[in-house]
Amino acid sequence: MIHQKMIGKTRRLDFTTLFFLITLSLIVNSFIFNNLLIICIFLVFFSICILITNYGLKIIKQLNLLQNIRDTGPSFHFNKKNTPTMGGIFIILPLLLLLLIVNHYFYSMGIILLFFGSLSFFIIGFLDDYLSIKKKKNIGLRSTQKFILQSLISILFIVLAYQNGYINSLITVSNNWAIDTNIVIFPICFVTLVGLSNAVNLTDGLDGLASGCGSIVFYGLGTEIFIKGQQELIIYGLIAYAMSGLCVGFLKFNKYPAKIFMGDTGSLTIGATLGYISILTNSYFTLFIISGIFVIEALSVIIQVSFFKITKKIFKRGKRVFLMTPIHHHFELSGMKEEKIVENFWKINILLVILGIVLKINL
């Protein structure tokens, strides 16, 4: 009986286990790629996020920046009301500071684009969270307003990235294989930025889900960039590892039961930053695989809304595929515990990262 309990415990994937898994993997990567900055930058920004979140949490409580819960969500989420929010500040501000420092010592138009791109989505998320708190509703900016702002920023980034040689029609699948997409590359870039930022935002509905998956995906993206072996791209791999550290650091406070939420301030910017880095490093293919959880969450909403509208038009009464979307709510309403859903999604995300890296190496 004791042995069975010990086995059960060892199989559980929680914050501590996830942190050690990523840390050990990065130590291995440091030796494989002969670059100790890999593990160092992860641990430094992990520590920075823990320190500033621990201190900043008190300030957010004092400022009364508290979460509102939508009425249409699961009823058992109402106990999350008044949890401090806008914690994404403690993830994104260190990122922006890192980008400024990097650009100071290693001037690069790509870093400048990444800085202003991430800053722009940060501002959109900040405004959305602030207005939501001010209105005392779980709605800040209207969805059309957010989409227009996201679209304008994304189009500007794509144009500037293309003009500076960061975008071409070839999508790199592996070091030996590329696909020529012709002009389709531009809508691919647009969907990568706007789609992924909103996908992460949709995923951020359970304690620790978006921050945990974010840390895993950034780890995978950083590793993919190092596998490319292109010296000029290494800095983006290190930035991805820094973001992984920041997400894990925030996860310490965001895991169930959450002491703080990242809000749109964090989720929109995390998704956009993933998109920006993948565009600047031509990592679209791998990103699509390793971001599978985010993609599934977004697709579940699209499928639900589309199916409801189609069936309503045909049968005069809309029908649903899922109990509720995004899909993590479907599992909640099916009776699965929140912590178990998050743990399972993390496990799937880890498998997707392994798949993405294996395909990158072997294709």
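Residue 1 is the first one shown; counting continues down the chain.
Backbone N, Cα and C atoms are what each Cβ position is placed from, and that goes for glycine too.
According to Swiss-Prot, the transmembrane segment annotation covers 15-33 (among others), on the basis of sequence analysis.
Taken from Swiss-Prot, the feature transmembrane segment applies to 82-102 (among others), supported by sequence analysis. Here the transmembrane segment (82-102) has Cβ contacts under 8 Å with residues 45, 48-49, 52-53, 56-57, 60-61, 65-67, 108, 111, 114-115, 118-119, 122, 125-126, 129-130, 133, 211, 235, 239, 242-243, 246-247, 249-250, 253-254, 258-267, 269-270, 273 of the same chain, all six or more residues outside its ends.
The annotation transmembrane segment is assigned in Swiss-Prot to 106-126 (among others).
Residues or ranges marked as transmembrane segment in Swiss-Prot: 147-167 (among others). Beyond its flanks by at least six residues, the transmembrane segment (147-167) meets 109-110, 113, 117, 120-121, 124, 141, 185-186, 189-190, 193-194, 197-198, 268, 272, 276, 279-280 of its own chain at Cβ-Cβ distances under 8 Å.
What Swiss-Prot records for 183-203 (among others) is transmembrane segment. Here the transmembrane segment (183-203) has Cβ contacts under 8 Å with residues 117, 121, 147, 150-151, 153-155, 157-158, 161-162, 167-169, 171, 209-210, 213-214, 264, 267-272, 274-276, 278-279, 284, 287, 291, 293-295, 297-298, 301, 326, 328 of the same chain, all six or more residues outside its ends.
According to Swiss-Prot, the feature transmembrane segment maps to 207-227 (among others). Here the transmembrane segment (207-227) has Cβ contacts under 8 Å with residues 15, 18, 22, 25-26, 29, 33, 35, 38, 91, 175, 200, 233-234, 236-241, 243-245, 247-248, 250-251, 254-258, 262, 266-267, 270, 274, 277-278, 281, 283, 286-287, 290-291, 293-294, 328, 338-339, 341-342, 345-346, 349-350, 352-353, 356-357, 360-361 of the same chain, all six or more residues outside its ends.
Per Swiss-Prot, transmembrane segment is recorded for 233-253 (among others). Nonlocal intrachain contacts for the transmembrane segment (233-253), taken as residues 6+ away from its ends with a CB within less than 8 angstroms of a stretch CB, comprise 15, 18-19, 22, 26, 35, 37-38, 41-50, 53-54, 57, 87-88, 90-91, 94-95, 98-99, 102, 106, 108, 110-111, 114, 208, 211-212, 214-216, 218-219, 221-223, 225-226, 259-260, 262, 266, 270, 273, 277, 280-281.
Annotation comment: Swiss-Prot describes 260-280 (among others) as transmembrane segment. Same-chain residues lying 6+ beyond the ends of the transmembrane segment (260-280) with a Cβ under 8 Å from its Cβ atoms: 53, 57, 60, 67, 83-89, 91-92, 95, 110, 113-114, 117-118, 121-122, 124-126, 128-129, 140, 150, 157-158, 161, 166-167, 189, 192-193, 196-201, 203-204, 210-211, 214, 217-218, 221, 225, 236, 239-240, 243, 247, 250, 253-254, 286-287, 291, 294.
Long-range neighbours of the transmembrane segment (285-305) within the same chain, counting only residues 6 or more positions beyond its ends whose Cβ lies under 8 Å from a Cβ of the stretch, are 171-173, 179, 192, 195-196, 198-200, 202-203, 213, 216-217, 220-221, 224, 271, 274-275, 278, 320-322, 325-328, 330, 345, 348-349, 352-353, 355-357, 359-360. Residues or ranges marked as transmembrane segment by Swiss-Prot on the basis of sequence analysis: 285-305 (among others).
Per Swiss-Prot, transmembrane segment is recorded for 341-361 (among others), and the stated evidence type is sequence analysis. Long-range contacts of the transmembrane segment (341-361) within its own chain (CB-CB distance under 8 A, at least 6 residues past either end) are made by residues 12-14, 18, 21, 173-175, 206-209, 212-213, 216-217, 219-220, 223-224, 227, 256, 286, 289-293, 328, 331-332.
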